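For reference, TrEMBL has these:
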- 60-79: transmembrane segment (TRANSMEM)
- 85-106: transmembrane segment (TRANSMEM)
- 118-138: transmembrane segment (TRANSMEM)
- 158-182: transmembrane segment (TRANSMEM)
- 202-223: transmembrane segment (TRANSMEM)
- 229-250: transmembrane segment (TRANSMEM)
- 347-365: transmembrane segment (TRANSMEM)
- 388-410: transmembrane segment (TRANSMEM)
- 430-451: transmembrane segment (TRANSMEM)
- 479-498: transmembrane segment (TRANSMEM)
- 519-542: transmembrane segment (TRANSMEM)
- 562-580: transmembrane segment (TRANSMEM)
């Protein structure tokens, strides 16, 4: 299927209908550029207050609703810890898989702006429904107090809760793959200032994201846990409303790229045609002999031939029965593809092994967002002489703090220093950044295991501080011991998560930017479901064992440290796998693509080894 050029929706600053942006015109940010009869204005950082402002308030709202949901389900909906953890993991996984569906609809039908319009409204409605489950007594079970046995939620109460979570799935699923790409659309990708703006935007986007998480995990969680669930859940609703207002306030200033057709159809064409033509003999000089055609105003950057996955090359072999139209394009794209299409599919196939390793890496973050909350509930959370008690869910803020502080250090100190050493604009390559994140994630899990072993030992051998409701005795170990593992996980995110987002954005073709945003979250969804599976498997396997249930409701009777060490082992194997795949990987548009030169009348292929 021939891809349409990237079209820009008309605004008051743009002449309508056939406005076409093909990425081929040079311009500087905030300067009008003419593409045929259309003026496209890249405002760059001038429009960021609307995009980052919306992102900040949206994250404050949605995280303010969800960050304490684990405690909310156990304290208000009277669920057991393992049930609540399983629901949270499944919910997170569903949101992340929803990003793939949203990216498809965005690229195929709606475009990023319209998708974000629906998503921010859905998030507002979701947070409103969750608020009602707390504010209306009939929508949640009767309070349990200190009783050991509690009345669980009714079917209707669960259904209404799931309605709110469903709205949040739609909202967050639409925002996550589109918001980052929509922000990058505001920079001119052909100008130097635009390229620098995009690189810096990735870091500062995550900075505001983590800032919002920090505020949600401290102030909002404190109000929910110590003042009122109703008041604490009202704040996110107000913040989500402000996010909608800010987003729509910038309506006439945005560069809006229209949907250009699903890139998935092009992928399917290459695979289908390669299978149909599997009996053809490979060409001796594919970089010269494969069929290639670029439609006018082609939206994607042109790629040179690479010799990986050569079975896909057969999709671009021009057979005698293949017909071409007058302008040279294939008469039937399901019978003949171009070398450019094949190379774009190769880019995706190359990314998949890296994506798999990154998905396993995210197991660390999934666990550090859940079980440290239960650890904190059975640790000494008092702060200062007045006995102020830190809410258990607030400790996750140290993961965000570690990420936020390190992002600033990385962007302002580490990158300039490494740039002088390596000569690479980003200091280190994207794969090196992701690999460093995987390593820090592994270290975080090892530290988590030793800290939990210490907490449990204190609870069993030293005087305790009373009983945590429906759990067990509270260890005298300070919950501040949880900070190192969470800070290390935050540093892992600063390397791994941001590195992945930038990696996918740059390695996929231009018409797959929303898909690039979604694949990161799909990987996180895989890890969430895998985390749920591991929890269920460990719980079922160990609950009747001689050593006791590793994930018992009372952590003092369990062996959560063994669970952490088990995941660390999985991550160690994954890290070794990632190193192998990184060595094999070739960056899109890098010097390791095949080039040719003539020697004694013969074309000789020259290829440099890729640098991770």
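Heads up, the Cβ atoms here are built off N, Cα and C, so glycines get one too.
When each of 60-79, 85-106, 118-138, 430-451 is checked for Cβ pairs under 8 Å to the transmembrane segment (388-410), 60-79 comes out on top.
Of the recorded ranges 85-106, 118-138, 202-223, 347-365, the transmembrane segment (158-182) has the largest number of C-beta contacts under 8 angstroms with 118-138. By the Cβ criterion (under 8 Å, sequence separation of 6 or more), the transmembrane segment (479-498) is in contact with the transmembrane segment (347-365), since 3+ such pairs are found. Pairs of Cβ atoms less than 8 Å apart link the transmembrane segment (60-79) most often to 229-250, out of 229-250, 347-365, 430-451. For the transmembrane segment (118-138), the most Cβ-contacting stretch among 229-250, 347-365, 430-451, 519-542 is 229-250 (pairs under 8 Å). When each of the listed stretches 229-250, 347-365, 430-451, 519-542 is scored by C-beta pairs under 8 angstroms to the transmembrane segment (202-223), 229-250 comes out highest. Using the rule of three or more Cβ pairs under 8 Å, pairs at least 6 apart in sequence, the transmembrane segment (85-106) is not in contact with the transmembrane segment (347-365).
Comparing 229-250, 430-451, 519-542 for CB pairs under 8 angstroms to the transmembrane segment (562-580), the maximum falls on 430-451. The stretches the transmembrane segment (430-451) and the transmembrane segment (519-542) do not meet in space: the count of Cβ pairs below 8 angstroms, excluding pairs fewer than 6 apart in sequence, stays at fewer than three.
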